[in-house]
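Engineer: Right, I'll just put the structure down here and ask away after.
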Amino acid sequence: MEAFGLLLHGFAVLLTWKTLVLMMVGLVLGIFVGVLPGLGGPNGVAILLPLTFTMDPTSAIVMLSCIYWGALFGGAITSILFNIPGEAWSVATTFDGYPMAQQGRAAEALTAAFTSSFIGSLVAVLLITFLAPMISSFALKFGPPEFFAVYLLTFCSFVGLGREAKHKTVISMSLGLLLAGIGMDTVSGNLRMTFGSPELLRGINFLVAVIGLFGISEILLTMEERLALRGHAASISLRVVLGVWKDLPKYWTTLLRSSFIGCWLGITPGGAIAASFMGYNLAKRFAKDPESFGKGRIEGVFAPETAAHASGTSALLPMLALGIPGSGTAAILLGGLMVWGLNPGPLLFVEHKDFVWGLIASMYLGNVVGLVLVLTTVPIFASILRVPFAAVAPMIVVSCAIGAYAIQNAMFDIWLMLGFGIVGYVFKKIGIPLAPFTLALVLGNRAEDAFRLSMIGSGGDLKVFWSNGLVGSITTLAIVLLFWPVVDRILTRLRMKRAKATPLQV
Amino acid sequence: MSQTDLEIVVDDPTAPEDDSPSVVSSVTIEIFVCLLLLALAVTLGYDNWRTGASWDSTGPEPGYFPFYLSVILGGGSLYGLIVALLARRAAFGTFVTRAQARRVMAVFVPTLLFCLVMQFLGLYVASFLLISGFMRFVGKIALWKSLLTALVFTAIMFVTFDVAFDVIMPKGPLEAAFGR
C-alpha cells in the first residue's frame, strides 16, 4: 500500500490554489481545442507547451495533462451534436451518438459519453497507480542492452501491428530516427549530417517538428473539407444525468470490456483509434440484437468512449515507468519533460516523487473536475463552433509560430515548422503514419545511446542482446512482432491444413 | 426539446465543390515522395559513411547507427517506389482536387507571407496583419470585426507571453518605438 500513501502525498502537492487554477485553465483550453475543428489532443498540447516553459515541472505537467483530458472530453461534443468527429478516436462515437441526438436524446448521449470517458480513464489511472511504480522499480535493474531491447520492441510492434502499409511505417520510423541524429553526436562530440550549416548544428527540435506535423498540416487538411454544420446544442439537466447513471450497472460488461481493451491497446502502441473501434465492434458482437446498433443505442456510445479514454490514459503508463511513450500525445508530454529538465525513465519515480505522484493525482482530480465541467457547460462550448474557421485558422497559425519560436528563440525553427507542416500534410494524404515518426524523433537519441553503450560494453558483439533471459526474451519478442504478419499467415495456414486433415465429424 | 436548446448553424459558402477536377493523383505524389526520400537517404547515407560508419577501438563510429538507418530508409522508399510504379493507377485516388488545392493555398500562402513578414516587423505586427487580412479577404468577414478580433487576439498574446510569462518573441520597429 505504499502507492496509496504516495498518492495521498500527490494530492497534497496538488491542492494549492495555484495548481487548481492551472488545472481549470488547462481543462477549459483542452475542451476548446477538442471542440474546434482542425485541432486535437496532440496539436493542442504541442501548441500550448511553450506556455509552461517558465513554470515548475509539476504545475506544467498538471496543466498540460489537463489540456489533454479536456481535449478527450471535447471531441465527444462535436461527434454527438454535429456528427463531426473532432478526433479520429471519436469516429465510432458518432455511429450511435448522432442518431441519439437526432431523436432528441442529445443530453442523454452526451452524459453517456462523458461518464464512460470518466470510467475509462479512471480504470486506466488505477492501473497506472499500482502498476507503474512496480514496472519502474523492476526497470531500475535495466542496463543499456535491456533498454535498447525495449526500444526495439516499441519500434518493431509499430511495424508489425500497425494497420498501415508496412513499408510506410518503416519509412516514417527510419526518417524520424535519422532526423533525430542530426547535429552533435552525444557520445563522440562529432558533427553529423549538418552539411556545414550552423542552423542544423543544434539538431532538429522535436517539438518544432510536432507543431508543424500536427498543427500546421491539420489546418491545411481541415481547409479541404466542407466546414458547414447544423445541429442543436442541448444543455444537460440533472435529471437526465441521474437517469443515465442509474442505468449504468446494467452495462457493466460493456464498460469493463471496453476498459480492458483500451488499457491493453494504450500500453501497446495500438492507440485510442483502434481501441474505440474495437470496443464498439465487440459490444455489437456480444449484444443480443446487433442490428439495433447504429440507430441510437446508448451502449454504442458507452463502448467506444470508454475504450478510447482508457487507451489515451494508459498510454502514459509506459511513458512514466520506462520513458517510452505509448501514443503521439504521450510522446509530446515526454518532450515536455525534457524541456523542464527532467530525465524520463524509471529513475523518475525515485528522483522526482512530487512530480510523478502530482501527475497521477492530477489524473484523478482532472477527470472528476472535467466531468463536472463538461456536464454543466456543453452549450457554451458547442457555440464556439459558431466562430468562423476563417477567424480560427490564422489564430492557430499564430499560436503555432509562437510555440515553435519560443523553444529555442530561433527564426530557423519557424521555417522548419512550415516545412514539417507540408511534410505532415503530404504524408497524411498518402497514408504514411505520423505516430511512428513522432516516436522515433523523440526516442532516437536515447535508442542510439543505449545501442552504442551496449556495443561498447560487449566489445561489438551482437550476442549481448541475448546475454540473459530478460534481454533475450524482449529482443526475441521484438523480432517476432516485427515479422508478425508473416508469422500470423503461417499459423493460419497450419491451422487450415490441420482442419483439412481431420474432416468434420458430423 | 426544452427551451434552453440552442440551434447552431454554420455555413461554408466557399466550400470545395465535390465534382472539382483532379489536379494530381495520389500515385504521382507517392512516386515523387519516394524519389525524394531515396535521394535524402543517399545523401545522408553518404555523409554518414564519410563521418565513419564502421567500428574502431572504442566501439561503433558516430556514423554507424545513422548509416544503417539511411540504408533502411532507402530500402523502404525503393520498395514504395516499385509498388507505386507497378500499381494500377485506378487503384489510387485523387491526391487533391482543384477546388481543394485553391483552399489549401488560401491558407498556405498567407502563412508563408506571415513567416516572411515576421522577420522584419516582428511577430505581433505580423499576427495582426495575418488575422485581420485572412478574416477580411479569405473569410469575407466585415472589416471592423476582422480588425477588432485581430487587435484583441494579438494584444492577449502580447500580454500573456511578453508581459506575464517572459517568453521573448521576435520584435520589429513598432515595439521598438514603444520601448519594449
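Backbone N, Cα and C atoms are what each Cβ position is placed from, and that goes for glycine too.
The feature compositional bias 'Acidic residues' is assigned by TrEMBL to B:8-20. The domain 'DUF1468' annotation in TrEMBL covers B:33-170. Residues or ranges marked as region 'Disordered' by TrEMBL: B:1-21. Taken from TrEMBL, the feature transmembrane segment covers B:27-46, B:66-87, B:107-131, B:143-165.
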Engineer: Which sequence-distant residues neighbour the transmembrane segment (B:66-87)? Criterion: at least 6 residues beyond either end, Cβ under 8 Å.
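Structural biologist: For the transmembrane segment (B:66-87), the list is 27, 30-31, 33-35, 37-38, 40-42, 44-45, 48-49, 53.
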Engineer: Within the same chain, where does the transmembrane segment (B:143-165) have neighbours whose Cβ lies under 8 angstroms from its own Cβ atoms, ignoring anything closer than 6 residues to its ends? I mean 6 or more beyond.
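Structural biologist: Tertiary neighbours of the transmembrane segment (B:143-165) are 124, 127-133, 135-136, 180.
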Engineer: I'm checking region-level scores; what's the whole-number mean pLDDT for the domain 'DUF1468' (B:33-170)?
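Structural biologist: It averages 87.
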Engineer: Work out, from DSSP, the number of helix, strand and coil residues along the domain 'DUF1468' (B:33-170).
Structural biologist: 108 helix, 9 strand, 21 coil
Engineer: I'd like the per-state residue tally for the compositional bias 'Acidic residues' (B:8-20) from DSSP, helix first, then strand, then coil.
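Structural biologist: Helix, strand, coil within the compositional bias 'Acidic residues' (B:8-20): 0 helix, 3 strand, 10 coil.
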